[in-house]
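Summarising the annotation, Swiss-Prot assigns ATP binding site to 140-201 and lists sequence analysis as the type of evidence. Positions annotated as Mg(2+) binding site by Swiss-Prot, on the basis of sequence analysis: 291, 293. The domain 'ATP-grasp' feature in Swiss-Prot is assigned to 114-323; the stated evidence is sequence analysis. The region 'GARS' annotation in Swiss-Prot covers 1-429, and the record cites sequence analysis as its basis. Look at Swiss-Prot and you will find 439-752 tagged as region 'AIRS', backed by sequence analysis.
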């Protein structure tokens, strides 16, 4: 394959891209428009062309690309992408590594991107968007925290103001919205919470489905050492940043990068190209999005590309992205390697500066590279032509060595008025000094203090579950139960253990955790009651990568609510913080319930079940806690998010509707059980009616169920239609509106129905017991054709 590439732009980023792409055996020629003094090398693979990168140049660029049989276009800067360069080339059949105009709005409009993050529950600073100056000022006056003022549109990286007081914030709003310091970019502003912490730059390739992130980098925006002085386009960077631990990067990928790519696709603006996300790592260790960029960062690109492994072909990776097959190519970085970039600027930058000074470059250390930015070639001499002129990047086995090498490279560059910072990567060494005294348990990712806070928050709630036989005091090593005090004569103990499953993913996505606590109890106690047992005690296990005290407290509060509904005591549990096993705030939960049943009351009594016995059904509250892998797949297929309005209940979000907790059937069934009015009960969980009813049937008998005897809840109608799920399949996965069934003698149906209706149950007579030889399956469903 002989690939010709058109690379649009003229900065250090574009030189680094051209340098790396030229190493690919796939690449025959790289045309850089307009390029700089470093990309002007017609004797090699790289050649400048005298066409600009602004919107008025798009037609010329397309014409040139067609004339040269270009097979891939790579826009470097954000402006052409925001202005729709991808559309111009797509119309003539030339693929572009970069997002469409609609997708590029993620960088082109900060208000759009903030609203997107809010919609898709992507962690970011609290914010409000404004087009009205007076309303913006009123908000600044009333808000109770320090703020950042951002011009919504593109402002060449300068449209962010960080005031230190309310007065300064009001002045900043005026500067942006009324004085038009950033032109039309300031017609709309984002006023957001000021976040403190360390920043990370995460560059990630995406084909619209898969996302592959590069090692985390940190850049240096301020002109002066110690991050003092005016903002710049970036005075240096280093990679990988030590604070970007594997656990943190996994959390960023799962809570930010993948949800961003998935959300854009579902919103009809799939993202193809390089997603560059600015992350703030707050003091509590949580990553939050500062901003999205839809292209390679500068100077991060100059720092990261030299770290790609020798078997990683950048051209092949980019082609894989545009061909939607990123998961099929190799993308690796060199092991045990560090890179540092030192940017050299013209004297006076970022304010007024001189151009036209001659540049010379002497001998460089091994694995040290020079990338041109604001340079031009004039009569064979490279001269200064911009504010950030040139950069030295070095790769070495240690960060310390990479810093030393990069500065040696910078020393080899000479031009009049040259300036560079002397402290690139200082944050990495500062962080190392902080931990030199030894590693604490908290630094390993486990907070004893947070665990203690959780216990204090849930103590009273747990205490409210006390019942005869126990005291429900937490904080010890377990719990005791006095069967005699609970009134049992000759009991058998019955145990059940279960979890909530992938329903937890929905709870985590919309930050609502109380109802899944009820689910956990329900899944266990319903399995006890079908054995005739009264639930007595409950214990929960909650495991997470990083303990969010409020989320865990809400979850345990839900567990306590479920215990109260079931009449059992929450006597203990375990909260495990396990970074590396779980990532970020993701969690899993399991519960165990112990109950008791008198020896002569154990269910099912299969010897009593006979032909003609009635099967009664009690309604479910919805999907309950099984089948959510199918449910989530249907939601994805439908292109919905959990914050969208629920299709079958517009008063709720989709996530809220799906989190309706599993019904607990204990208190309404115990009187029926104690009166020996039922011979068997079945909890309809995973496997649906088809798989669960056979558990209670004796040999030679089957169940015949008429699904027209109860109304199919709207949630199941919608899921079936939206996923086009075969009825045979959905009936083996979801409960379809019946959460519990009872086998009852025909002569007892009226009495059982009356008992259950007294406590508010709606009872449906849904089928009967039939001999095996009358049907083909152990559970036969009829009239399913009318479901949806």
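In case you wondered, yes, glycine gets a Cβ from its N, Cα and C as well.
Feature annotations (Swiss-Prot) mapped to structure.
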residue : record              : contacts (Cβ under 8 Å, 6+ apart)
140     : ATP binding site    : 147, 166, 169, 170, 173, 191
148     : ATP binding site    : 125, 160, 161, 162, 163, 191, 192, 193, 194
164     : ATP binding site    : 146
172     : ATP binding site    : 149, 161, 163
180     : ATP binding site    : 186
188     : ATP binding site    : 109, 111, 129, 130, 131, 152, 153
196     : ATP binding site    : 280, 282, 283
291     : Mg(2+) binding site : 107, 110, 113, 277, 278
293     : Mg(2+) binding site : 78, 107, 275, 276, 277, 278
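In the three-state DSSP scheme, residue 140 (ATP binding site) falls into the helix class. Across all of the region 'GARS' (1-429), the predicted model scores a mean pLDDT of 93.
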